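To start, the structure itself, in structure tokens.
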Amino acid sequence: MENQTANDTIAAAPFSLGVQILLGIILYFMTGFAMCGNMLVIVSVCAFRQLRTITNYFIISLATADLLLTILVLPFNAIFTITGHWPFGFFFCDLYISVDILACTASILNLCVIALDRYWAITSPFTYYQRVTATSSFILIGCVWVVSFLISVLPVLLNLHEDDFLRENNWYDDPSFCVLGVNGIFAVVSSIISFYIPAGVIFFVYFRIFRVARRQARQIASHNNAAQRFQDNRKGKPSMARERKAAKTLGVIMGVFIACWLPFFTVNVIDPFCGRCIPATVFNTFVWLGYINSCANPLIYAQNPSFRNAFKGLLCCHKCRGIKYRSGESSDDNATVIQQRRLANTSQVRTVSSSVMKSQVEYK
């Protein structure tokens, strides 16, 4: 009776045939969209040399984590969510849970690294490429994946995540049941490392980016000479529009990230301490809400002229064969920063700073 109660509290509830069909359409469409979007980002960077910038290395790492999630986690989670039955056995259940935690943690940590990269590029544009080299970027990416591995695969292999109450009720002994049931300590520690610390860093960094961008815009405007004022007055509204666009972009990034992951990591911490009080439907809904972030990431981080041209070249094939990748539309950070270095001691530096602010805050 206790085992039945424990499973009923957290296990996926069975649905009617109509609901199962509807859920199947929604979940597999979402999975296919995320898979195609992240594959397109990876292939674009591999196919077009102009896209191989340091920032895009971080985006490749992000897309890899999201692609890993969509291939090895989402399809199988969809089956279990829809049917309430896990048909793949114990071994694949452990693998599935490990990859789930690994990919989600790596995705969030990559978002954090991308935010830090943009912060360094904007606040220290003249020394950015001296500090953030290809080697240092690969080291950062390596650290992301090592931390993700340590918090996912090792605890599952060593059973460090298991909860005494769930073990007593045979939670881990049912081959038709595969949900990550964790103890309170693991829930708190993993949530802090995987979400709360990265979320705090991302919020602080994007807030600072917006403040720096706004201050640069005001400084540039205040140092314009009299001959430029007439022209600048005409550009006043576009300048304000750019500032609003930058704020909107940062707001979308933070809003999507928080909306997707905060609900899950809230109930994930509460559930072990309230006697498994979170209903299965609520818990599963928040899990899939977090997965939506992997669908949104390609749209948020790869929607710029450079990637759009690459997408057209890859997708249109013969019809768009005449479309050439225009490096002039690229947000290539190398060209921007090199130009800044050359003009560092001239009066043109204010114009270059404006260009950096615009290109970097709008995320290329």
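Using the three backbone atoms N, Cα and C, a Cβ is placed for every residue, glycine included.
As recorded in TrEMBL:
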| type | residues | note |
| --- | --- | --- |
| TRANSMEM | 21-45 | transmembrane segment |
| DOMAIN | 37-301 | domain 'G-protein coupled receptors family 1 profile' |
| TRANSMEM | 57-83 | transmembrane segment |
| TRANSMEM | 95-116 | transmembrane segment |
| TRANSMEM | 137-160 | transmembrane segment |
| TRANSMEM | 180-207 | transmembrane segment |
| TRANSMEM | 250-270 | transmembrane segment |
Same-chain residues near the transmembrane segment (95-116), Cβ under 8 Å, at least 6 residues beyond its ends: 55, 58-59, 61-62, 64-66, 68-69, 72-73, 76-77, 88, 140-141, 144-145, 147-149, 151-153, 156-157, 178, 180, 190, 193-195, 198-199, 201-202, 205-206, 209, 257, 261, 290, 293-294, 297, 301
Taken over the domain 'G-protein coupled receptors family 1 profile' (37-301), the model's mean pLDDT: 86
